[in-house]
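Novice: Pulled these from Swiss-Prot:
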ACT_SITE  Glu124  active site, proton donor
BINDING   Cys12, Cys94, Cys188  [4Fe-4S] cluster binding site
BINDING   His40, His72, His122, Ser216, Asn218, Ser260  isopentenyl diphosphate binding site
BINDING   His40, His72, His122, Thr160, Ser216, Asn218, Ser260  (2E)-4-hydroxy-3-methylbut-2-enyl diphosphate binding site
BINDING   His40, His72, His122, Ser216, Asn218, Ser260  dimethylallyl diphosphate binding site
Amino acid sequence: MKVILAKQAGFCFGVKRATQMAFEAADKGGKTYTLGPIIHSPQVVQKLEEMGVKALKDISGMDDGTIIIRSHGVASGELEEAVRKELEIVDATCPFVKKAQEHVESLSQAGYDVVVVGDADHPEVQGIVSYASGKVYVVGSGDEAAKLPKMAKIGVVAQTTQSFENLKNVVDACLTKGGEIRVFHTICDATAVRQEEAKELASQVDCMIVIGGYNSANTKRLAEVCTELQPRTYHIEMAQQLNPRWFEGVGKVGVTAGASTPKWLIDEVLEQIEKINKDKNH
């Protein structure tokens, strides 16, 4: 059985940067917390907890210490509160997310109604939305955008993990809604590259394994993209979840991982697949 690992599997630039910053802060010791999970990888969050860094839902109970801002960013009000409390802030917000926040802020100040393409329940989107001082709408698809009211000036940004296709569909729908539209391409290339590569790989193999947190939006999207081309696609968080039955009659296995999946988790999965393959051949 041949195992092919996607070249772009695992940490993207923003996640790598955020985890490095978090582990460096943890090494310094002292009271250190992250505001929400640093990235959407329960295993990385657990490692940080073992080093004494706990994830907080909010900073209302914090009076001193270091607060690490998660890679997805946080609401502007929470950042202001951290500054007011004079906490030491380690801002690990992904620069691409930061860009989307800044666009929303400036569009809003310039009198545009803002449309954010994304998942309203996702912390990244909730953070981006908080930078709007005027009207702001969150839509998940072109169909949802078609239900928006008429607006004079529309500014569009996207959650960084959205597909380019979805952004285009929303923009098409917005063209019928306003006289002036400004669109900022805030989708991260790492997401698009991973999806394209995963599609290509899924079409060449008999079974596809996608590794990453069940709470990771980009990993879930990878699994969806792969399933369309290879129904035998399995989304797992760690090696122990691999089932030998999945590999029955399989000649080629494709493996990819979300942008918040650490290399050590990918390595463990590859080792376990190798072990299953050996047992199968005995």
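Backbone N, Cα and C define each Cβ position, glycine as well.
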Novice: Output the one of His72, His122 that, of all these binding-site residues, has the highest number of other Cβ atoms within 10 Å of its Cβ.
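Specialist: The most densely surrounded of these binding-site residues is His72.
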Novice: By the DSSP assignment reduced to helix, strand and coil, which category contains Cys12 ([4Fe-4S] cluster binding site)?
Specialist: coil
Novice: An 8 Å radius from the center of the His40, His72, His122, Ser216, Asn218, Ser260 Cβ atoms defines the neighbourhood of the isopentenyl diphosphate site; name the other residues of that chain inside it, in order.
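Specialist: Going along the sequence, the neighbours come out as Ile39, Ser71, Glu124, Thr161, Gly213, Asn215, Ala217, Thr219, Gly258, Ala259.
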Novice: State the count of C-beta atoms found within 10 angstroms of the C-beta of Cys94 ([4Fe-4S] cluster binding site), not counting that atom itself.
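Specialist: Neighbour count, Cβ to Cβ under the 10 Å cut-off: 24.
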Novice: Can you tell me how far the Cα of the residue listed as 'active site, proton donor' sits from the Cα of His72 (isopentenyl diphosphate binding site), in Å?
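Specialist: A Cα-Cα distance of 5 Å.
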Novice: What's the number of neighbouring CB atoms sitting within 10 A of the CB on the residue listed as 'active site, proton donor'?
Specialist: 26
Novice: Excluding Cys12, Cys94, Cys188, which residues of the same chain place their Cβ within 8 Å of the centroid of the Cβ atoms of the recorded [4Fe-4S] cluster site?
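Specialist: Those within range, site residues removed, are Phe13, Gly14, Val15, Ser71, Pro95, Phe96, Val97, Thr160, Thr161, Ala190, Thr191, Ala259.
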Novice: Measure from the Cα of His122 (isopentenyl diphosphate binding site) to the Cα of every one of the binding-site residues Cys12, Cys94, Thr160, Cys188, then give the nearest.
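Specialist: Answer for the nearest of the binding-site residues: Thr160.
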Novice: If you compare CA-to-CA distances from Cys94 ([4Fe-4S] cluster binding site) to each of the binding-site residues His40, Thr160, Ser216, Ser260, which comes out shortest?
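Specialist: If we rank His40, Thr160, Ser216, Ser260 by Cα distance to Cys94 ([4Fe-4S] cluster binding site), first place goes to Thr160.
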Novice: Around Ser260 (isopentenyl diphosphate binding site), which residues of its chain at least 6 apart sit with Cβ under 8 Å of its Cβ?
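Specialist: For Ser260 (isopentenyl diphosphate binding site), the qualifying residues are Phe11, Cys12, Val15, Ile39, His40, Ser41, Val44, Ser71, Gly212, Gly213, Ser216, Asn218, Thr219.
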Novice: Quiz question: given the binding-site residues Thr160, Ser216, Asn218, which has the greatest number of C-beta atoms lying within 10 angstroms of its own C-beta?
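Specialist: Result for the most crowded candidate: Thr160.
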Novice: According to DSSP, does His40 (isopentenyl diphosphate binding site) fall in a helix, a strand, or coil?
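Specialist: DSSP call for His40 (isopentenyl diphosphate binding site): coil, neither helix nor strand.
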Novice: If H, G and I count as helix, E and B as strand, and all else as coil, what does DSSP give for Cys94 ([4Fe-4S] cluster binding site)?
Specialist: coil
